[in-house]
Amino acid sequence: MVNLTAMNGFLLMGFSDERKLQILHALLFLVTYLLALTGNLLIITVITLDHRLHSPMYYFLKHLSLLDLCFISVTVPQSIANSLMGNGYISLVQCILQVFFFIALASSEVAILTVMSYDRYAAICQPLHYETTMDPSACRHAVIAVWIAGGLSGLMHAAINFSIPLCGKRVIHQFFCDVPQMLKLACSYESVNEIALAAFTTSTAFICLISIVLSYIRIFSTALRIPSAEGRTKVFSTCLPHLFVVTFFLSAAGFEFLRLPSDSSSTMDLVFSIFYTVIPPTLNPVIYSLRNDAMKAALRKMLSKEELPQRKMCLKAMFKL
């Protein structure tokens, strides 16, 4: 173990102390990270280059993929490097940045999922007003609000959590600087700031979840009145996976964050952390986009021999948007 009394940082224990298991963990995380990277980059590229996908739904999907790309990059590469080097040490500055970006991106992801559910509600339940409600200006403002809200949330969490006095060894039983695990190192759990922040985070996530659920209740009730069986099937096949992933993500994260730190089990912490840090960014491209017929058609067109040279010329434009 690193001498934590001489170094101003933390020791991430990870999944195992055995060298073979550390290598296995690094390989599994590397494969998962590459899959998430490839899937989300494909979504961003296809939506940017194909003008037929320049609609509010795909605009939000592109930003969801960007958030997923950044979200998984905050924790997984660091964990892979630690496992390969056999050293779980992380400096104080790295830990602060990791907490800030992790909370900021997670909050932004919950917010963008809420916006996406409202977009589907407006498209299905209020089709005559959809173009007015979700005009380009409104979509841009919604995305800006999502990113700003996430940044403010991350800033508050980082500022408050790292102002708490720590007692004992700075050992975190996680593969990243996880807030619930860091609270176990605090000398006291009864800070007014901690309680207020936990109440604010919980209430905000609950409001987002209720908004999403209510949007989909209205969507499903409208879908049941669609006379065409094909139309009903299309609505349910699009919306049910979305609702499942939102519920899965918020339930796993909520269960982990709402448990008392003193009652936490290290093994359970690791399992639940994978559910909300690694799995959603990897599966979201499949659930939200790659199952979509328009996305698959656009991807086939982009990779076709006739279109590929022209698309290569347009790649520079993607990074300017």
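Cβ atoms are placed via backbone N, Cα and C, with glycine included.
Some features that TrEMBL has for this protein:
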type	residues	note
TRANSMEM	23-47	transmembrane segment
DOMAIN	39-288	domain 'G-protein coupled receptors family 1 profile'
TRANSMEM	59-76	transmembrane segment
TRANSMEM	96-118	transmembrane segment
TRANSMEM	139-160	transmembrane segment
TRANSMEM	195-217	transmembrane segment
TRANSMEM	238-258	transmembrane segment
TRANSMEM	270-290	transmembrane segment
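With Cβ pairs under 8 Å as the measure, the transmembrane segment (96-118) is packed most heavily against 139-160, out of 23-47, 59-76, 139-160, 238-258, 270-290. Mean model confidence of the domain 'G-protein coupled receptors family 1 profile' (39-288) amounts to 84 (pLDDT, 0 to 100 scale).
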